[in-house]
Amino acid sequence: CNLQPKDAAKMPESAWKLLFYTLSWSYGIYLLFFTDYPFFYDPPSVFYDWKQGMEVPTDIAIAYLLQCSFYGHSIYATAYMDTWRKDSVVMLLHHVVTLTLISFSYAFRCQEQGLGVQGGQEVVLGEAVLGLTPLPLNPDPSLCPGRFWFRLYWFPLKVLYATCHSSLQSVPNIPFYFFFNALLLVLTLMNIYWFLYIVLFVAKVLMGQMQEVNDVREYDVEDTKKT
């Protein structure tokens, strides 16, 4: 295929993300819908009979291992390997916050929080068109409703409600309550931030301001030369 040099340079990064998101998303679907875990249909259930030091099932521990490894790598890759974009600082913060949440939710046996964070961040196959369309983790504007539904509707409804409200009802003295929920709210704000990028892209297309598909997060060539 006839790729522009800048698109060819992004191909390895996007192909890797496509592979990982496909596998992790499929495994997340398996855990949520094809096992006996009630986390999706009854999110507060993770706090029923909760106690420190409780055993984490092996299949969930595997999901934690995969996600922690990926986000640990992503921090390094975003800083030193990937194309630097306007939202790269926010992306770095996102990876740090997500890795912290997943690690601490494992340490304190809040599996629903961990699976919710993992699922909420990978709900639509990220970079599914190999980086040739814009926006992080869910680039195609046609998937804009999906991004809104999963990240800005289900994520608050399933995860934030359980951690902010239901957790206190089941475990009044649950440790690190404000720590977990503050980081989850930060993730929500980032989701809103990236959703606005999608809205901006769609608006430019509808108003005829964009003749070809470009990543609105990338710096203009002219701006790069000036700097």
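From the backbone N, Cα and C atoms, a Cβ is placed for every residue, glycine too.
What TrEMBL records for 9-207 is domain 'TLC'. Averaged across the domain 'TLC' (9-207), pLDDT for the predicted model comes to 77.
Residues or ranges marked as transmembrane segment in TrEMBL: 18-40 (among others).
With a threshold of 8 Å between CB atoms, the same-chain residues lying at least 6 positions outside the transmembrane segment (60-77) that come near it are 13, 20, 23-24, 27-28, 31, 37, 92, 95-96, 98-99, 102-103, 106, 111, 114-115, 118. As annotated by TrEMBL, transmembrane segment applies to 60-77 (among others).
The transmembrane segment annotation in TrEMBL covers 89-108 (among others).
Under the heading transmembrane segment, TrEMBL lists 176-202 (among others).
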